[in-house]
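Some features that TrEMBL has for this protein:
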TRANSMEM  18-38  transmembrane segment
DOMAIN    19-301  domain 'ABC transmembrane type-1'
TRANSMEM  58-81  transmembrane segment
TRANSMEM  126-152  transmembrane segment
TRANSMEM  158-176  transmembrane segment
TRANSMEM  238-260  transmembrane segment
TRANSMEM  272-293  transmembrane segment
DOMAIN    331-548  domain 'ABC transporter'
Amino acid sequence: MKIFKFVKEYIFKYKIQLFIFLIFSIISWIISIGLPYITGNYIDSLMNFQNRQTIIDFTIKILLMGIINIISSFVVSYSYVKVQTKSAIELNFKALEHISKMPILYFKNLDSAYLNQRINSDSNTLISFVLSNFLDILIRALTLIIVFYISFKINRKLTMILIPLIPLYLAIYFIFKKPLFKSGYELKEKQNKFFSKMNEQLYNINLIKLNSTFEESQKQLRTSFSTMFESLLKYTRISYIFSSSDSMTMIISQIIIFFFGGMEIINENLTIGQFTIIISYFSMIMGCISYYLNLGKSYQDALVSYNRLEEILNETKEINGDKRINSIDTIVLKEVCFSYDDTNNIIDNFNYTFKKGNIYGIIGQNGTGKSTFINLILGLFNNYYKGKIYYNSIELKKLDMYHIRKRIIGISEQEPALINDTIGKNVTYGIDIYNYDDIEEVLKSLNLDINKFQDGLNTNIYEAANNISGGEKLKISLARTFLKNPDMIILDEPTSALDVNSIEKLEFILKEIKKDKIIIIVTHNRDILDILDEIIDLNVVNSLNCEA
Ligand SMILES: Nc1ncnc2c1ncn2[C@@H]1O[C@H](COP(=O)(O)OP(=O)(O)OP(=O)(O)O)[C@@H](O)[C@H]1O
């Protein structure tokens, strides 16, 4: 029931398709129940009075039922695919959206390919399970009641003999419940990890080529495959034993029906037509029992997927308030402490005030916490820091930083991330209002002539931006920041990949625009120190706090 509750909001979004799916499934079901009954009666009437009209009537009925069945089966499959695909993708997107709003440190410990695989397969398993079963459970129960009733009416003795097979099914299910769940969970995890390893091979292709680590990476892949394969075999073994219990139940029932049914015909308690009805109905009954038996197995599969999705959706989101501001005049830090592991403070009791109109430099040796500091004031570590951070006297945790980062903060990262799209789309990424002519201008001011690219702004940047240089990549990211014209600009190592000429141009731009902005630059480059109004040396800050 909890699975159904969880999934219903996604499935019920497509009410009309769902309705069509239900109606036509019911039509197919009615035909499947009616057909053996009509056929059995036809056999008996042929045996009793050989009438030509009976043959014509029966043929027409069968033809009509066949046509209706073909049409409804098509509609059922078509509407099923529609609802299934759309609902699964909705669930998939919801999980991804939730993840994107979880604290950034959650991602640092996770492998994105693994996570994607996991969410995708779990969403599909769950939606398919509910869609294929929520009507089927009812229909099969109804089938059991109706066909049992008719069989009972036809031959009470034969029907009663078959009833004890039901508790047998229940016993089998309860025995296999736990092992199936456990091995199913294990297999899914291992599969996702294996696919993520495969993905890593292509993602790190440069690294592998440059270091010629083909053998090592193949070895890693094979090890990951072996663990996945072991889990697969274990799951198959348990599944097989479980399914063969199903076949055993089928064989037992057939033995019973042929033996006792034959006896009843000999004793003239059953006609041939009735016998065919009971055989068909009984195979339906067994189909239902086998369905419920397998439902136990697919329920355990779905439960695994449900638990794994819940695990993600129950993870705490990052703290993000609802207050919005339209400009940033000051950022004040009071006794701010931050640590990745609760023991060693990377930022320790830090006090500082940033004001509009200044360029600030953050310097310090590798690992002193420069990038950490930037993430902290951007609100990415809201769940973890101690002390107070204020934007214009409003506490950071109360601010809608999603809105503020989108509208009035521009960031250029140390290793800029670009999207697989054109240069133009990369420069304007995330910016709602801009002037198209300005794109070229901004790039030019950073010493990047767009005409050197064959298709200008429409030139595609391929995965991992391999068709442009590191410096050009950085300039695209800087251009994006300047085009946005934000209130606060943060540049993490903006000069690391720039030539001397380009650094001068960058310095020029920064001096020109600093009047109504807070600009913070993380740098190791001594040359750029000239344009800084204030310097925060994290080596000194940390050592002062340590001494205190
Ligand atoms: N997600 C993380 N989990 C644990 N420790 C981390 C994490 N990210 C960074 N650190 C540690 O925090 C310290 C500061 O890292 P940070 O990246 O802020 O340094 P940095 O001054 O920007 O370095 P660099 O000059 O090399 O870019 C480092 O010792 C680093 O190992």
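One is the number of the first residue shown, and numbering goes on along the chain from there.
Including glycine, each Cβ sits where the backbone N, Cα and C put it.
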Can you give the mean pLDDT for the domain 'ABC transporter' (331-548), rounded to a whole number? 88
Positions on the same chain near the transmembrane segment (272-293), where near means CB under 8 A and six or more residues out: 32-33, 36-37, 39-45, 47, 136, 140-141, 143-144, 147-148, 150-151, 154-155, 158-159, 162, 165-166, 169, 172-173, 245-246, 249-250, 253, 257, 261, 264-265
Is the transmembrane segment (238-260) packed against any residues at least 6 beyond its ends, judged by a Cβ distance under 8 Å, and which are they? 157-158, 161-162, 165, 168-169, 172, 176, 179-180, 183, 278-279, 282, 285-286, 289-290, 293-294, 297
